[in-house]
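I have placed the structure first, in the form of structure tokens, so that the comments after it can refer back to it.
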Amino acid sequence: MAFDMSQVKELFRSIGVEYYALELDATDDGASIQQVLVELTNQRTVPNVFVNGTHIGGCDATYQAYQDGSLQKLLGDNQITEPYEYDLIIIGGGSGGLACSKEAATLGKKVMVLDYVVPTPLGTSWGLGGTCVNVGCIPKKLMHQAALLGQALQDSRKYGWQYEEQVKHNWEIMVEAIQNYIGSLNWGYRVSLREKSVTYLNSYGEFVEPHKIKATNRKGQVTYHTAETFVLATGERPRYLGIPGDKEFCITSDDLFSLPYCPGKTLVVGASYVALECAGFLAGLGLDVTVMVRSILLRGFDQEMAEKVGAYMETHGVKFVRKFVPVQVEQLEQGMPGRLKVTAKSTEGSEIFAEEYNTVLIAIGRDACTRNIGLQTIGVKINEKNGKVPVNDEEQTNVPYVYAIGDILDGKLELTPVAIQAGRLLAQRLYGGSSRKCDYINVPTTVFTPLEYGSCGYPEEKAMEEYGKQNLEVYHTLFWPLEWTVAGRDNNTCYAKIICNKQDNNRVIGLHVLGPNAGEVTQGFAAAIKCGLTKELLDETIGIHPTCAEVFTTMDITKSSGQDITQKGC
């Protein structure tokens with residue numbers, strides 16, 4: 001109840017309206033006032049809101065009145081009467097912000113998008129489109145592909161391809177080609193915003209008062225803009241270690257994909273999917289790569305799968321230094337690349353590790369870009385621990401006219417397609433009469449490590465927490481892709497498992513696959529899981545032979561049986 005009361009107060013504060021609150025429980029004659037109120041309004045709950053003598057109702061009714069504009073009409077003189085410049089201003093031109101802006105514009109609204117990339121400590125910057133396009137999924141998958149082609153070249157000799165020339169990789173040619181492609185995407189986004197009449201400002205947005213932002217461009221020129229509604233879509237940026245030499249001499253994924261020189265011998269610090277993906281393709285391009293891990297690999301992912309991802313990388317040349325954290329990075333020699341000395345200490349004792357590298361890539365996580373955009377000025381609450389924004393199931397913050405989508409949401413998935421879906425659906429709810437909400441459960445994803453890991457639904461640990469081990473049946477198998485047989489590559493390395501809820505008709509609540517093209521495999525099964533896939537339906541599905549994906553249609557060994565799952569042939 002107190003929360004409802006504080007929400008209503010927050011609403012009036014956020015739109016700059018003075019109010020008087022009578023707290024009945026703190027008033028001597030509260031009970032008799034309550035009796036009169038019930039007779040007057042037929043409402044027994046609090047808060048009980050009146051505006052200029054007109055009874056509105058409780059918290060929900062007040063919010064509804066604000067959403068449909070009737071509250072503003074009742075407020076009359078107390079409400080700012082000048083019209084807002086825009087219906088919607090979106091802060092952040094990444095995947096989520098662009099999707100939301102284009103949908104709102106299609107629905108006839110006047111929309112502005114602000115996008116500004118604060119350069120990295122090394123001065124790297126990029127164009128419109130956000131992390132995924134510029135320094136995330138797109139260049140990552142393309143560099144992963146470059147590494148896969150190297151593996152395919154090795155395999156090809158076994159398949160009869162003969163070539164004399166010594167094969168080597170040219171970093172500069174790859175980076176130039178990838179950056180050219182990204183440049184075309186940046187341009188495409190600008191054109192599509194123009195076509196939809198969305199105003200785009202390459203400026204840094206910051207709230208200065210309710211419904212008003214300050215926009216500062218690269219030259220320091222400032223403009224001010226007002227809107228009825230705002231969407232925060234600022235995303236995240238890589239976190240640094242906070243040790244001597246980290247910002248001066250290390251790079252992050254923000255710098256890697258446009259690095260003008262080959263990074264050489266590289267230390268990757270971290271065990272995130274970003275760390276392992278980057279380490280994987282750098283090793284695949286023939287570089288000497290070490291990963292320094294503080295504790296576990298791929299926190300938040302299924303840990304059995306995570307360990308198998310790491311084991312495969314280790315057998316394919318990536319070195320792991322476990323349970324160490326860097327304490328200092330020193331430059332021994334400048335250059336492209338130069339030489340760096342890294343000193344690290346054990347997390348379990350006094351042991352010190354010291355080694356020289358050409359490049360140190362930090363990938364220990366990302367921080368939400370929410371602390372320097374004036375949210376405190378208008379009262380938007382953030383989780384002080386991680387800077388993320390708590391929202392309700394409609395992506396609304398505690399300030400009713402401010403919404404948030406994408407990686408900055410507290411407790412939600414940090415994935416591009418999730419931000420796009422949430423942005424589009426938010427615009428449809430705000431301006432298209434829709435009530436559809438974004439589904440954050442059963443979202444498929446893939447980690448593009450040298451052996452790809454695709455998953456949808458619960459990791460095994462989470463499933464046990466949620467449903468109890470006794471209520472689950474886990475089916476699993478190792479498999480050997482046919483393409484690997486002639487090439488003589490690792491049998492009994494690829495692995496698949498499904499987690500079924502015995503209490504619910506053996507419904508599949510988790511699907512995990514470690515193998516080639518895991519993303520392509522997982523995407524199809526994700527649709528089936530959304531439709532309520534069961535083990536029986538999987539068994540009734542005829543597999544496509546010979547593919548990797550067909551293993552899900554022939555699984556018959558449960559973990560609880562303890563039977564051997566090793567493969568003898570295809």
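Yeah, the Cβs are placed from backbone N, Cα and C, and that goes for glycine too.
Within the same chain, no residue at least 6 positions away from H545 (active site, proton acceptor) has a Cβ under 8 Å from its Cβ. The feature active site, proton acceptor is assigned by TrEMBL to H545.
Annotation comment: TrEMBL describes K141, G205, D407 as FAD binding site. Long-range C-beta contacts of D407 (FAD binding site), restricted to its own chain and to partners at least six residues apart, with a cutoff below 8 Å, comprise T131, G235, E236, R366, A368, E414, A419.
Marked as NAD(+) binding site by TrEMBL: G270, A271, S272, Y273, V274, A275, L276, E277, G365.
In sequence order, G94, S95, I138, T416 are the residues of the chain that are 6 or more apart from C132 (disulfide bond) and have a CB within less than 8 Å of its CB. Sequence annotations record features per position, and here TrEMBL assigns disulfide bond to C132-C137.
For the domain 'Glutaredoxin' (7-56), the DSSP counts in helix, strand and coil order read 23 helix, 6 strand, 21 coil. The feature domain 'Glutaredoxin' is assigned by TrEMBL to 7-56.
The predicted model assigns the domain 'FAD/NAD(P)-binding' (86-423) a mean pLDDT of 97. The domain 'FAD/NAD(P)-binding' annotation in TrEMBL covers 86-423.
For 443-555, the entry in TrEMBL reads domain 'Pyridine nucleotide-disulphide oxidoreductase dimerisation'.
When the Cα of C137 (disulfide bond) is compared against those of the binding-site residues G205, G270, V274, G365, the shortest separation belongs to V274.
The two recorded residues G270 (NAD(+) binding site) and K141 (FAD binding site) have their Cα atoms spaced 19 Å from each other.
Here the Cα atom of G205 (FAD binding site) is found 24 Å from that of G365 (NAD(+) binding site). The recorded positions listed here are C137, V274, L276; among them, L276 has the most other Cβ atoms within 10 Å of its own Cβ. It is 11 Å from the Cα atom of V274 (NAD(+) binding site) to that of K141 (FAD binding site).
Annotated pair S272 (NAD(+) binding site) and K141 (FAD binding site), C-alpha to C-alpha distance, rounded: 16 Å. Excluding G270, A271, S272, Y273, V274, A275, L276, E277, G365, which define the NAD(+) site, the same chain contributes V268, C278, L298, A363, I364 within 8 Å (Cβ to the Cβ centroid), listed in sequence order.
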